[in-house]
Every structure is written in structure tokens, then in C-alpha cells.
Amino acid sequence: MWRAGRAAVACEVCQSLVKHSSGIQRNVPLQKLHLVSRSIYRSHHPALKLQRPQLRTPFQQFSSLTHLSLHKLKLSPIKYGYQPRRNFWPARLAARLLKLRYIILGSAVGGGYTAKKTFDEWKDMIPDLSDYKWIVPDFIWEIDEYIDLEKIRKALPSSEDLASLAPDLDKITESLSLLKDFFTAGSPGETAFRATDHGSESDKHYRKVSDKEKIDQLQEELLHTQLKYQRILERLEKENKELRKLVLQKDDKGIHHRKLKKSLIDMYSEVLDVLSDYDASYNTQDHLPRVVVVGDQSAGKTSVLEMIAQARIFPRGSGEMMTRSPVKVTLSEGPHHVALFKDSSREFDLTKEEDLAALRHEIELRMRKNVKEGCTVSPETISLNVKGPGLQRMVLVDLPGVINTVTSGMAPDTKETIFSISKAYMQNPNAIILCIQDGSVDAERSIVTDLVSQMDPHGRRTIFVLTKVDLAEKNVASPSRIQQIIEGKLFPMKALGYFAVVTGKGNSSESIEAIREYEEEFFQNSKLLKTSMLKAHQVTTRNLSLAVSDCFWKMVRESVEQQADSFKATRFNLETEWKNNYPRLRELDRNELFEKAKNEILDEVISLSQVTPKHWEEILQQSLWERVSTHVIENIYLPAAQTMNSGTFNTTVDIKLKQWTDKQLPNKAVEVAWETLQEEFSRFMTEPKGKEHDDIFDKLKEAVKEESIKRHKWNDFAEDSLRVIQHNALEDRSISDKQQWDAAIYFMEEALQGRLKDTENAIENMIGPDWKKRWMYWKNRTQEQCVHNETKNELEKMLKVNDEHPAYLASDEITTVRKNLESRGVEVDPSLIKDTWHQVYRRHFLKTALNHCNLCRRGFYYYQRHFIDSELECNDVVLFWRIQRMLAITANTLRQQLTNTEVRRLEKNVKEVLEDFAEDGEKKVKLLTGKRVQLAEDLKKVREIQEKLDAFIEALHQEK
């Protein structure tokens, strides 16, 4: 009822609105009116022929009695005939965005409420700790009032200062990585840093290696590495020297270099170097003077030599052997104090401690290099030149110290080797022996004095030097004992002169100037000099150096001309022998012969490129067919020929050819090409060159050939390219002309006839000689051959009955043959029947195939026209044509690889081998041998020695 009353009130309101709206102009937009007002407006203005558009949504017709449900009604804009249509897409977009905002806002409110509720739940789960507040002291709550944190922060160091004090992690990481690489490199010294297991399985004890052993092992390994690089450096220096010679030889004629004048002592040192090599090669000893420094180990030999050279140039050790090979030191005067080795151009500045350390290290490396494995000392000499202001000109040789006992770590023959080296130098009648004796030890412990007295019993070329006189004066109770030594009354030896020197306080870091000052100060204050036990000219190393130099040059002037005359006589004898034995040959030493042989070998390698392509392809094709013919006939042709029709034959052939090409054929082809290249290379290297052929190079050429072939490897990609080419060649079945057809038939006949001949020989060996050979050569058959002959005859009868018999015998056929033979009294085994059948059927098949081959000579027309004739199927001819074409294409491909790539690579290998042989002196001595080579070597050495001696003698006379 209340709804009906409410509707009636609404109708009255509407009617009143209509009455008052009669004055509204008609141009008022209808869209601005309310929906209800629009319906009233249209009912009172029928002149407006408005067309109501169809609503897109279902709706209800409203009246005054119906309920207005505006939230369910969706109206669309109304089109009027006189008003254009308007599009309100911004309004629709805004409405959608407003709806999205409400969704987001609602979600945010709901999420915040949920988060607050979760936080409250967690807060309620935390226990209340207010009851335990009494445990904390009261001053804790007031501590911030008494502590000024700002002052503490200022008192602490800054972050930059802390960073500067911190270790450099990059450097530490780099050092650790270097140590890790060093210890994991598999070096021999690696085990020194590992614990050694000495316990049982249950209880293991580890023993740590001492620091000294670790350092020694590291130094040993470092020295080995340096020795290796030292060899490389020497080889490079040798190459540089050879290149320098070549540059000088190719100098322009218009440019003349000024010849540097060498000093007298340098010329003499070069003579000694050449003589040293000559003596080592021919086990002889020259008689030119040199100062030989000998003494007991740790007697001070090296220190005396360093005082004379005015530089600490030798490695030093505390009581251990440091001089492991003779060191020849040539002293000469010069503006700068420098040292250099004979075989190196590097100069060491002896005024700089860095260069001195490098020189000592270099000498130690050279000594270790000279010492062979299993030895302690070496007789090979290290040549060193020292120049400086105030140095006395002479040549000294520092020898290893004489020992009395061989200690652990030394070779068993160390003592004898040192004695033999010392005797070899002291046996020279013109050598000056500088005998060094330690004054701080008892004279009875001396070993070297006995050795010197044996070599120079009259003391005509011996100078005695007493070292460590300062220690001797302190330790010896009777000073007269030192006087007896200096006067030559204590030791059983004689000498030209006696000297007393002081070579330092025992500190290896002392400089030469400090040692000289200490020596002069000691002798100025010494009781020995004040009491006239020692004379002034017998003390200090300076006086010793002057005396040794005077004695040295006196010996040189007396003996050098005699030595030159002896070499002149030797040269005359060698030249006479050469003229009598080799009058038409030039005198070529081993190096010159090697260069000549090198040029000949390279010319012969170049000859490989002169081989014609036709010759390459012929020998390649022939060699390849010889290698693969057995496989083609036995594994491809014969199995396929047993088939009944041409389709099966072609299928079998294609399958077997594909398998053969994929697996074996390319590899076989490369092997054949490599063997062919070797044969041609050997032919050029070994073929005689007529009367001009020199057999002295034969061993060298053979060695170069073998080493080059060993190093040469065929290109790895050759097989892959060959496989594709061979596969494509075998796939082709179209024979284009009659000439190719005839060539294939000839190729097939030749192959089958060769197999037939082999089969005939096998049958002949099986059945024995025929009646003609038995009568003419008196040969008989064995019992087994008779059985084979009877079996063969029986099987041939079977083949005559059935000309198209398959390749295998059936079991009943074997039984029939055996019964027939037994009926004639021949006992035969089934396996013997099968073996005989194999050869008999093989001969029958090959003869049939040859007859068929003759028939196919006229079959090219049928093949070309594709006629189907069962009596004339020439598929086997096509097979052999495919094989022949594959061989030709393969030979052509291999020839291109040979001429374009492999010959050049072989030539490169030959050059590398020759370069390696040129650097290996032992290899040249082994390969270039003979009386002629040795005689030329002797002539070259003797001429060089004589020329240097003559130049030295001339300069010596000019100096006089």
C-alpha cells in the first residue's frame, strides 16, 4: 500500500512539472533533461518526430505504477534527426580508471589491516621481560652520560692509516701462486717440502726437512734451470757469431773497416785457447807458458788470484769445493776494469757489485755445465779475460783444490781426477807453478807440496806462496817456523821465490781495497818484518804479482819461438801427406764439407719438383692397384660374380664398394702416396752421379733422408677429401666411348690373367710335376701330391658335366667324390677335397670370365643402347671400368697433393734436419768421417795455430 501511495505522489509531481514547463523553448538540448522529463517532453511535443533507437540491453516499460530500478538499467545515447552523434570515449576511460582506483584502494586498506593484525599476533607471542629488568646494573642505563663516543672516534686512527698498515693482498696472492706453481711443477726438489711417512699403519710419524736442505734443493733446481737456459744462450751467441762472420764476408769492396790492434797478452791468450782445443782433440799438450795455480782445498788459491786480478770474481764457499773445472784468466791492462768470456760479447763491470755477482754466478753455471753427470770435477777449461788499470799482463789457470779424502756427495774418482788435471798442467816444462800453502794449518798436513816436488823437483819454475800469515802469526808459537817455510827449509820442495800474503780476514763480503789496506797495515806492524824474518820484497800480493808477471814473460820469450818451429814442422808434414794422397782435391774441413753436402742435398730435394706429372700419376696408379688388386678381385668381384642375375651383381658391388671407400681405400691411397714420395726421394738421394760422386757424403745423406722421413707427416685432411672424390668416381657407371670400353676390357683381362697364372702355379705345387717334367727333369710326385692329382681329376669331371656349377660343393657331392676315389684305392679326406675344389673351381671360373671378356668386346653397342640381352651382360666390365677410373682420379689427386704441398713440406723438413745437424758437432763428427776429413781438420788447426803464433812473435819483437 505504501508503494501505491508513493507512486501517486510521484504522478502528481510530474503533472505539475508538465504544466509549468509549457514555456520551455524547443531548442533546449534533450540530453540535459532527466530521463523521466524526456518522456514527458516527448509526449507534450508530438511535432518532434523523434525516433527512439533500439536499446542494446533489455529494458522494462515504466509507468506510474511500476518501480523504477535505475541501477539495473543501462541506457545508450539517443540519436535525433537534427543532432549529430557524439563519441564520449574519455568519459568511458575515466570511469574505468575510477573503478580501478577503488579496487586498489580497497586492496591496500585490506592488506594494511591484515599486516597490523599479524604484527599484533607476533607481539603477543614475545614474552614480557620487564620482570627481569632488575638483573641489569643501574650504571648501564647511565653509561652514555659518562662516555663520549665522539672523543673515542677521534682518537682512533683513520681508515687511510689502517689501509696503509694492512698487507698488500695482491702481492701475497701473487707470491702464493708462484710458490704453488713452483712446488707443483714436478721438480726434483718438490719432495723436500713434503712430510715423509716413517710409521706403521696405525701410528705414522712425520719428519720435517731442515731449512738448510730446503734451500740447498731449491738452489740446485734453480741452477739446473739456469744451466738449461745457459745452453740456449750459448747456442744463440754461436749463431750470432756465425751471422757476424757472414756479414763480414759479404762486405762491400768499397768499404774498408779499420782493423783493431789487439794487445800482446790478448794475442797470446787466443793462441792458448786454440792450443787448448787442439790438445783436447788430439790428446797432446803444448809447451807454451802459463801460470798454474795449485794448492790444497781452502788454502786460498782463489783469494790470491782475486787479489792479483783486483776483483772478487770467483764463487766462494765455506769449506766446500767451489772450483770444479780449470779457469783460465787472462789479465791485461786497460782503461776500464771489466771482464768477459771468450765465447761471449757481454762485459761485466767489475766496479759494480751487481755485475760482480752476475759474473760469479755465470762462472758457477759454466762449471756445473762442464761437469758431466756422475762426476764432481771436469777437465774442460773456462776462458775469462780481465782488463783493468794497473793489472800485470799474464795468463793464470786456477785449478780445483787438491783433496785428501773423498766425502759424501762426491764421485768416487774425484781425488784421482783432480790429481790428473793438476799433473796435466804442471807437466808442461814451461808452465809456472804457483804453489799456494795455507799458513794457518800444520805444514805436515800439506798435500800439494809433494805433488809440486814431483813435477818440478829442482824448483826452476815454482813460486811458493804462504797465505793467511796473519792467522799463522797468532796461532804459531814459534815465529821461526814461518821463517823456515819462507826460506824453503821446512817443505821438501824447491822454488824460484817465496812469498807471504794476507788475503783478508775470512769475510767474503770484504772489498779488494779493504783487503789490500789490511794486508799493508798488517805487514807494517808485523813482528816478522820488524825482526827481519821476512824481507820486504817477499810480502804483499802486489810484489807477488810483479814477480809472477816477470817470470811469465821471461818464459814466454824463451819458449814461444821453439813452439812455433814445432808447429811449422807439423804443418809441413800434413801438407806433404795431403799432396801425395789427394792431389786434385781441395782441403775442406768438416764444416766446409758439411756445407757442400748441404747444398747437394737441397739440390736433390729440388729435383723432386722436376718430376713430370705423367710420371707421378703412372707410378701412383700402378702402386695403388698393386696394393688394392687383391681386395678388389677376392672380396668384391668374385663374391658378386657368384650371383645369378645382373641386378644382384650390381647391388652386391655397390654395397661392397661403399664399405671399402668409407673404411680402407682413402687410407691405403695416402700410404701408397707417402711410400711413393719416399721412393722417389731415396732414388734422387742415392743414385750415382758418375765420376764426380763423392762417397764421403753417403752416411750424411742417408741420415738426413731417414730423419726427414721420420719427421714428415702427410696432411691430416687428405683422407677426407680423397674419400669424397673416390666415392663420386665409383658411383659413375656411364662409359662414354668405345675407347674407354676397350681400355676397361684390357684392364680386366690383365688382372684376371695374373690371377689365373697364380692359380695355375698353386695347382702345380699341389699336384706336383706333370709327365713332361717327370721325364725330362727326373722329378717325382709325393704321395700327397698323387692324392691331390686324383682328386683334381675327379673334380674336373664333375665340372665338365655341370659347367655352371656353384662355387661350393654340396655334402652329397663330396661323398660322391670320396666314394669314387675309394673305389680306385685312393683314401681322401673331405677337407682335402674342399681345398682342391677351391683351386680347381677358381681356375675354371677365371677361364670362363676371360672367355666372357672376349665376348664383351663387341658389347659396347648393346651397353650404349641399353639392350637387354641375357647372353651378353657385361656388368663385370663396367665394374673394372669404375675401378680403373677411380685409380686414375685418385692418382691425379695424390699427384696434386704431392707437387703442391708435400714436396715443399718435405723440403722444409730437410732444411730443419740440416740446421739441427749443423749445430750438433758430435753428429757431424759421426757422419763425416775418414782419413781425408781428419787430415783436413788437422791442417786447418795447425795453420790457425801457426798463424796466430807468428803474429804474436812479430808483435813481441816489436815490443822489444
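Every residue gets a Cβ built from N, Cα and C, even glycine.
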Among 15-22, 295-302, 439-446, 519-526, Swiss-Prot lists region 'G1 motif' at 295-302
Asp211, Asp216, Asp398, Asp413: which one does Swiss-Prot list with Thr302, Thr323 for the Mg(2+) site? Asp398
For the annotation region 'G2 motif' in Swiss-Prot, which listed range does it cover: 1-4, 245-248, 321-324, 329-332? 321-324
Rank the binding-site residues Ser298, Thr302, Ser303, Thr323, Thr503 by how many other Cβ atoms lie within 10 Å of each Cβ and give me the one with the fewest. Ser298
I need the most crowded of these binding-site residues: Lys301, Lys468. Count other C-beta atoms within 10 angstroms of each C-beta and give me the top one. Lys301
At a 10 Å cut-off from the C-beta of Asp398 (Mg(2+) binding site), count the other C-beta atoms across all protein chains. 25
Grab the pLDDT values for the region 'Paddle region' (736-856) and give me their mean, rounded. 87
Cα-Cα distance linking Thr323 (Mg(2+) binding site) and Ser298 (GTP binding site), given in Å to the nearest integer: 10
Could you check which of the binding-site residues Thr302, Thr323, Asp398 is the closest Cα neighbour of Thr503 (GTP binding site)? Thr302
Rounded Cα separation (Å) that holds between Lys468 (GTP binding site) and Thr302 (Mg(2+) binding site): 13
Could you round the CA separation between Asp398 (Mg(2+) binding site) and Lys301 (GTP binding site) to a whole angstrom and send it over? 7
Using DSSP with the three-state reduction, classify Ser303 (GTP binding site) as helix, strand or coil. helix
Residues within 8 Å of the Thr302, Thr323, Asp398 Cβ centre (excluding the Mg(2+) site residues themselves): Val293, Lys301, Leu305, Phe314, Met322, Val327, Leu399, Pro400, Gly401
